[in-house]
Every structure is written in C-alpha cells, then in structure tokens.
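These features come from TrEMBL:
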| type | residues | note |
| --- | --- | --- |
| DISULFID | 66-72 | disulfide bond |
| DOMAIN | 30-172 | domain 'Peptidoglycan recognition protein family' |
| DOMAIN | 42-178 | domain 'N-acetylmuramoyl-L-alanine amidase' |
C-alpha cells in the first residue's frame with residue numbers, strides 16, 4: 001500500500017512545515033492534559049491490559065477540529081457522554097486523544113482496555129485525533145505529539161517496542177481515521 005505523503009503536505013497552525021524535516025519529535029515537548037484537568041466523568045469500571053499493548057490503533061473523532069483548548073475540552077466531554085450514554089461504554093472509548101495544536105488528552109490512559117476497535121481492545125492502545133480527517137489534513141503538531149506519545153508508551157513499558165501501527169479501517173469496516181490521516185500513518189512509525 002502506498003502511503004505517500006510528505007512532511008510539506010502536512011498542515012501546521014502557523015504555516016507549512018519544512019519539507020526537509022523528517023524527524024517529527026525533534027524539539028517537541030509533549031503536553032499531556034490529565035482526566036481531572038479536562039473534567040472527565042469517573043469511569044463505570046476499568047479493566048487493565050494483561051501486558052504491554054501489541055498494537056496502536058489510530059482513529060479520528062469525526063467531529064469538528066478543536067483549534068482551541070476550550071473547543072478540545074468541549075469535544076472531550078461530548079465524546080465521553082456520547083460513548084457512555086449512547087453507546088453504553090464504561091468510559092470514553094480511547095486511551096488518548098490529540099488536538100490540532102498537539103496537546104494530548106488522557107482518555108482511559110495507559111494500561112487500560114479501551115472500547116475503540118471491537119475485537120482488538122485487549123491488546124491495543126487507541127489514539128484518536130480530534131477532528132474529521134476525511135478531507136482535513138492532520139497538523140504537524142498533532143503528528144509530532146502522537147509519535148512522541150507512542151515512544152513514551154514504549155519507554156514506560158505500556159506498548160511493545162515492535163508494536164503494529166494500524167488505522168481503525170485496518171481492523172474494521174469504517175472510513176476511520178479518515179483518508180488524509182490514514183495516508184500520514186507512516187510518519188508515526190518508530191522503527
């Protein structure tokens with residue numbers, strides 16, 4: 001499968017990324033917002049993974065792109081209520097969510113079984129980019145933060161060093177994570 005996208009094709013809040021920059025994490029400081037900081041509801045229950053995740057599955061929320069902290073907080077709360085009330089999940093489905101500016105928001109967090117990819121939740125980490133990436137291009141900041149988050153997961157022992165990186169569409173009949181984000185997945189590979 002050809003996943004031909006160039007760093008110069010990836011949008012950035014403040015302009016176009018340098019086409020020669022292939023190291024997404026260089027000089028990027030990971031900003032992580034905890035559940036308590038975004039006002040998450042308490043989960044109904046939690047189940048721990050039995051070991052490090054074997055897969056990282058990338059999603060998009062298919063909602064509006066959150067371009068401000070307040071927009072992201074609103075989308076997080078909306079998504080959690082949607083998952084818990086309408087879908088009867090025990091919590092927000094994803095382990096982490098990523099805003100356009102690269103801020104990472106804790107969903108279920110590390111080492112917790114998600115509800116993001118039926119048949120794959122017990123051996124995976126679910127990361128959702130906030131927005132709809134069928135047409136919109138993922139930001140360099142969001143891609144950089146996600147790559148750094150994946151590396152942190154490996155370093156902390158929550159993600160196997162030789163994990164498999166997948167888009168949701170690789171394990172389910174869906175458009176998720178959207179065409180442009182799916183084409184950019186190769187940029188997130190650590191190896």
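Placement of Cβ uses the backbone N, Cα and C atoms for every residue, glycine included.
TrEMBL entries are annotated by machine, without manual review.
For the recorded site, residue 66 (disulfide bond), the DSSP three-state label reads coil. Here the domain 'N-acetylmuramoyl-L-alanine amidase' (42-178) is broken down by DSSP into helix, strand and coil counts: 41 helix, 32 strand, 64 coil.
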